[in-house]
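To keep things clear, I will list the structure first and then write my remarks on it.
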């Protein structure tokens, strides 16, 4: 294929690339992957067979579903083949396991539904305003309020968002705990912005002698369940944070601009003992114009921050190091994990 023809095909594909994740969202909501999984390993089914397990009275359901599955198969999301009788059948690929509940009942599927929910999709129509108007947040342009304010007013979206974040956070923490051993030897760990304590629960399950403090806004920790070894404390992290041997923050700093991050890190510095440390988990922005899948994932995460978080952004390792040094920390250590995520330590001494 000549270069011009190849470029034209890629250009045409780009026009409709947004359809792919929406097709994925549809089969997740229809439980197609679960239906294929229950059929057994390496089993392939026709769309007509699949819809027998979907609650619908639509006589054209099989035909319509086949059109969705055909697109996903063309992107190798599903396997596909033609039987001797001429029927098209579909099965699971290795990729599909990440969208099926694992041994802990979590997967990437809820995040697909969250990111492509109609609420968040509406924000992208205002992405250009973040360039044209100073201080413009696409989400606020779309709804006239911040994402946090909106989630309070829309209980349906709040439930969808929380489900997506819970599963994604659990998967991330599982990888962190497999790769990072810096919780060893700590007596007390403070999780700043810890929500209802899910991350601390996972950490303490691996380090049972560790005591945990889950710190978040009062209305958040008010609904937090009780965990052995975990104390819930409400407050404002931009005012002060509880003291501990180490302070843990997962996907917190990327929500805020440099000024707010510096305020928070200084509060952490003040709360730590002489040899204490801050442990953060964040996406690490590549410092060059990389085109590999992991880098594209982080660039996508950064654009989501541009659309949904006022002042939020992904940062390079150097950016985080500069913030840490300005806040008073002397040493920065990086522990790369999977999919562009790193654990980074900021040491007080």
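From the backbone N, Cα and C atoms, a Cβ is placed for every residue, glycine too.
Annotated S-adenosyl-L-homocysteine binding site per Swiss-Prot: 193, 216, 236, 237, 249, 250, in sequence order. The secondary structure of residue 236 (S-adenosyl-L-homocysteine binding site), as reduced to three states from DSSP, is coil rather than helix or strand.
The active site, proton acceptor annotation in Swiss-Prot covers 254. Other C-beta atoms found within 10 angstroms of the C-beta of residue 254 (active site, proton acceptor) number 23, with every protein chain shown included. Classification of residue 254 (active site, proton acceptor) by DSSP places it within a helix.
If you look up Swiss-Prot, you'll see 282 (among others) marked as active site. Taken residue by residue with DSSP, residue 282 (active site) is part of a strand. Every protein chain shown contributes to the tally, and the Cβ of residue 282 (active site) ends up with 23 other Cβ atoms within 10 Å.
DSSP gives residue 314 (active site) a coil state; it is part of no helix or strand. In sequence order, 254, 282, 283, 284, 285, 298, 301, 302, 305 are the residues of the chain that are 6 or more apart from residue 314 (active site) and have a CB within less than 8 Å of its CB. Among the features that Swiss-Prot reports, active site is placed at 314 (among others), with the record citing similarity to another entry.
The Cβ of residue 249 (S-adenosyl-L-homocysteine binding site) has 25 other Cβ atoms within 10 Å, all protein chains considered. Under DSSP, residue 249 (S-adenosyl-L-homocysteine binding site) is assigned to a strand (E or B) in the three-state scheme.
A strand conformation is recorded for residue 216 (S-adenosyl-L-homocysteine binding site) in the three-state DSSP classification.
The 10 Å shell around the Cβ of residue 216 (S-adenosyl-L-homocysteine binding site) contains 22 further Cβ atoms across the protein chains shown. Just so you know, the Cβ of residue 237 (S-adenosyl-L-homocysteine binding site) picks up 21 other Cβ atoms within 10 Å once every protein chain is counted. When other Cβ atoms within 10 Å of the Cβ of residue 193 (S-adenosyl-L-homocysteine binding site) are tallied across all protein chains shown, the result is 20. The Cβ of residue 236 (S-adenosyl-L-homocysteine binding site) lies under 8 Å from the Cβ of 217, each on the same chain and at least six residues away in sequence.
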